[in-house]
Amino acid sequence: MRKNIVAGNWKMNKTLQEGLALAKELDAALKGRTISCDVIIGTPFIHLASIAAAIDTTRIGVAAENCADKESGAYTGEVSAAMVASTGARYVIIGHSERRAYYHETSPILMEKVKLALSNGLTPIFCVGEVLEEREAGKHFEVVARQVEEALFTLDQTDFAKLILAYEPVWAIGTGKTATADQAQEMHAHIRKSIAAKYGKEVANGCSILYGGSCNAANAKELFSRADVDGGLIGGASLSVDKFLPIIEAF
């Protein structure tokens, strides 16, 4: 049975002190609550070790927002998957549309990141999604399937089964626009069908696919009610416990 997951992505927000306070506040808010999903927070690199040490990581998983596509060496400013794992983080977001757009991350680069994350015991949260022009041209299914195939389909079945996927229609990120629950379901089902064709139904049905793109307390319950939507990758709303908690409780 695949897991329901709500993962926050703080992006480039919060100083170390602010991030630590937010993580502790969320940890305290979840204590004693019965929740029906796994909770993850994706934080900037500088927060990882402090937050992993300060909260109950059986209650909240900690994720990096990126990792390098190289193992180690003379790559000034980069942070390796091994370094991320050494902080106590257990997850890493890979392939977010902002990384693809602003830092020109291609499928071959992302493939290396995924492999290094897996070899260091991290669970990748791999992001895919189309821009508005691609959707309006009717190419959204083709684009998203290609993103999955090019970066991930060299993995063997065992490694692929360790992944979490996140569908984020780029036109809905931070814009206030949201894919309808039916649009999200349609794409998630398409992704699952592509996985089944490559790895079989058992692997496809075991893969959690999250929705990312202006998901909030008002629309989370409807989105999460769809058969192939297994949770959310939450941006802005994850920066406030008051906004993040209702999304967690939408399951």
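Cβ atoms here come from the backbone N, Cα and C positions, even for glycine.
The active site, electrophile annotation in Swiss-Prot covers HIS96. Sequence annotations record features per position, and here Swiss-Prot assigns active site, proton acceptor to GLU168. Among the features that Swiss-Prot reports, substrate binding site is placed at ASN9, TRP10, LYS11, GLY174, SER214, GLY235, GLY236, with the record citing sequence analysis.
Feature map: Swiss-Prot annotations on the structure.
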| residue | record | contacts (Cβ under 8 Å, 6+ apart) |
| --- | --- | --- |
| ASN9 | substrate binding site | GLY42, GLU65, ILE93, HIS96, GLY212, LEU233, ILE234, GLY235, SER238 |
| TRP10 | substrate binding site | GLY19, ILE41, GLY42, THR43, PRO44, HIS47, GLU65, SER238, LEU239 |
| LYS11 | substrate binding site | GLU65, GLU98, GLY235 |
| GLU168 | active site, proton acceptor | HIS96, SER97, CYS127, VAL128, GLY129, TYR211, GLY212, GLY213, LEU233 |
| GLY174 | substrate binding site | SER214, GLY235, GLY236 |
DSSP-derived structure type at GLY236 (substrate binding site), helix or strand or else coil: helix
Substrate site shell beyond ASN9, TRP10, LYS11, GLY174, SER214, GLY235, GLY236, criterion: Cβ within 8 Å of Cβ centroid: ILE173, ILE234, ALA237, SER238, LEU239
All-chain count of other Cβ atoms within 10 Å of GLY236 (substrate binding site): 19
Site with most surrounding Cβ atoms, counting all protein chains shown within 10 Å, from the recorded positions HIS96, SER214, GLY235: HIS96
Assigned element (helix, strand, coil) containing HIS96 (active site, electrophile), judged by DSSP: coil
Span of the substrate site, taken as the largest CA to CA distance across ASN9, TRP10, LYS11, GLY174, SER214, GLY235, GLY236 (Å, rounded to a whole number): 14
